[in-house]
Amino acid sequence: MPIITLPDGSQRQFENAVSVMDVAADIGPGLAKACIAGRVNGELVDACELIEQDSQLAIITAKDDEGLEIIRHSCAHLLGHAIKQLWPQTKMAIGPVIENGFYYDVDLDHSLTQEDLETLEKRMLELAKTDYDVIKKRVTWAQARETFVARGEDYKVAILDENISQDAHPALYHHQEYIDMCRGPHVPNMRFCHHFKLQKIAGAYWRGNSDNKMLQRIYGTAWADKKQLKAYLERLEEAAKRDHRKIGKQLDLYHMQEEAPGMAFWHNDGWTIFRELETFVRCKLKEYDYQEVKGPFMMDRVLWEKTGHWENYKENMFTTSSENREYCIKPMNCPGHVQIFKQGLRSYRDLPLRMAEFGSCHRNEPSGALHGLMRVRGFTQDDAHIFCTEEQILSEVNNCIKLIYDVYSTFGFEKIVVKLSTRPEKRIGEDALWDIAETDLAKALTDNNIEFEYQPGEGAFYGPKIEFTLYDCLDRAWQCGTVQLDFSLPGRLGASYVAENNERKVPVMLHRAVLGSLERFIGILTEEYAGFFPTWLAPQQVVVMNITDGQADYVQKLVKELQDAGIRAKADLRNEKIGFKIREHTLRRVPYMLVCGDKEVESGKVAVRTRRGKDLGSIDVNDFKEKLLQEIRSRSLHQLEE
């Protein structure tokens with residue numbers, strides 16, 4: 001007679017073992033219809049799962065995050081069902097859930113086309129709209145293997161042979177004549193899987209190993225209802241318009257080429273943005289009392305062996321040899337900063353020591369993972385390392401948090417999700433030190449009125465960390481900022497200071513990043529602003545145009561005056577119609593276009609127009625200059641009269 005306790009604390013008693021769906025039906029027919037799965041004593045299970053003992057139960061519906069994930073997983077099975085009907089010789093590999101959707105890797109004897117994708121999606125919808133029940137059956141390992149051998153599903157057989165114990169009882173999910181194997185849970189009926197869209201096809205090696213066969217990966221998205229799907233597809237459409245690669249080309253910011261994969265060739269306007277960003281961060285470093293240093297970008301492999309990077313990270317490191325010595329091009333700045341700390345005798349009076357660098361780093365990312373500025377091999381990292389005592393951890397973390405929020409607010413990012421990762425099972429350092437560190441990190445967040453969630457066991461082996469994830473205007477997540485405590489590296493590399501009692505002690509080190517990679521952050525900003533960079537960051541801030549040759553001298557004089565004031569201004573004296581010039585510079589997202597005709601020359605004014613098409617009328621040159629300088633100096637996100 002199991003007693004079921006629901007999330008609101010109410011209880012229901014049943015005579016015999018009862019399924020999740022039975023409990024939902026007992027509560028009400030509406031909930032039974034909406035029931036996708038259940039969470040029994042914290043574990044996600046299928047709606048058909050029997051509960052035999054007293055248990056805590058939460059009914060999962062499409063309104064829950066878990067419910068949506070299950071819908072997506074079941075859509076992957078639906079894809080398998082449809083593709084086997086269309087091309088029966090297809091061999092199914094794996095079909096997991098990913099962010100916003102799912103994919104399935106398939107082995108097919110022909111290359112899928114866009115037309116095939118449309119045919120496949122149509123068949124999926126036809127099948128889903130029959131609202132068939134999904135039947136789950138537990139079988140022995142041998143029965144599962146026999147099933148997939150008979151069906152010619154070589155990849156499923158390989159999964160059983162290599163990944164599943166022969167003592168296990170795998171779950172087989174029956175979609176009419178189609179059978180798939182999965183840990184589940186899955187939807188009980190395909191009425192939950194009507195709102196999906198197949199998106200693209202890519203190549204993927206079986207097991208992610210380039211020595212294995214290349215499979216075709218079919219990506220799709222799935223949502224709980226039509227409205228959610230429509231909104232997501234609209235966001236994708238908007239994201240495509242904002243793609244930094246497309247805008248980067250339109251605005252002539254940078255380019256990539258095959259001879260230097262994952263490394264940007266910065267053009268003048270793109271490099272202007274880069275340098276402005278660097279200058280801004282540099283001002284903040286001075287404000288928050290950091291030293292700026294510069295370490296070599298290449299160091300002997302021996303040093304990387306001492307740090308542990310060679311053992312754990314060598315696949316991602318570029319190397320070169322000279323005079324019988326092997327060198328590693330640095331993937332990160334921290335070992336170099338420890339070397340600087342070690343020069344000379346350090347005292348507790350020198351701490352905290354905040355050391356920042358715009359470090360040129362390189363990581364050997366897989367070529368298939370490279371993506372514009374967002375995923376590169378060569379990048380500039382804005383990280384810093386703070387050497388401090390255990391007693392200074394709290395104040396230093398506080399200082400880091402203030403800096404991070406100070407910077408993010410300048411760019412208009414308001415939604416920031418914060419996570420605190422705590423000690424993993426395998427770690428170094430005494431528990432007492434971990435206690436201090438975790439308590440101080442949490443207190444610093446609380447002191448700054450920052451909501452956060454714990455990620456138990458997700459910290460690095462050498463210390464806990466805080467992660468700051470930005471959400472952009474399309475609600476996409478970008479993990480940029482980190483504050484990571486490190487109890488290991490300074491000791492590994494022999495760093496120490498003289499404590500107040502004249503004993504040698506190893507400093508605590510904080511790794512701190514705000515923007516992360518400057519290249520990636522420029523990519524994020526390009527998409528956030530759709531290329532309409534705030535005036536202070538815009539590569540060209542003002543363009544001054546004449547209507548006829550008679551205003552050329554006035555235009556050149558005005559441009560020089562603006563340039564002398566530190567404003568990035570240029571003249572456009574081409575013999576083109578003024579409407580043509582305005583349109584061209586509007587497409588280039590120049591914040592201000594100044595038009596000079598005879599009337600403006602006579603009055604000492606300029607006709608001001610913004611890139612958004614707003615006509616600000618005739619403004620006195622000095623008034624405009626002062627207002628513009630104020631906008632630039634304050635790093636305002638808004639243009640004049642916005």
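Just so you know, glycine gets a Cβ as well, placed from its N, Cα and C.
As annotated by Swiss-Prot, domain 'TGS' applies to 1-61. Helix, strand and coil counts under DSSP for the domain 'TGS' (1-61) come to 14 helix, 24 strand, 23 coil.
For 243-534, the entry in Swiss-Prot reads region 'Catalytic', with the evidence type sequence analysis. Averaged over the region 'Catalytic' (243-534), the predicted model reaches a pLDDT of 93.
Residues annotated as Zn(2+) binding site in Swiss-Prot: Cys334, His385, His511. DSSP gives His385 (Zn(2+) binding site) a strand state.
Note: the Zn(2+) site is recorded as Cys334, His385, His511; in the same chain, Met332, Asn333, His337, Val338, Asp383, Ala384, Gln484, Asp486, Leu489, Met509, Leu510, Arg512 also have Cβ atoms within 8 Å of that site's Cβ centroid. For the binding-site residues His385, His511, the greatest number of Cβ atoms within 10 Å around a candidate Cβ is found at His385. The Cβ neighbour count for Cys334 (Zn(2+) binding site), using a 10 Å radius and every protein chain shown, is 26.
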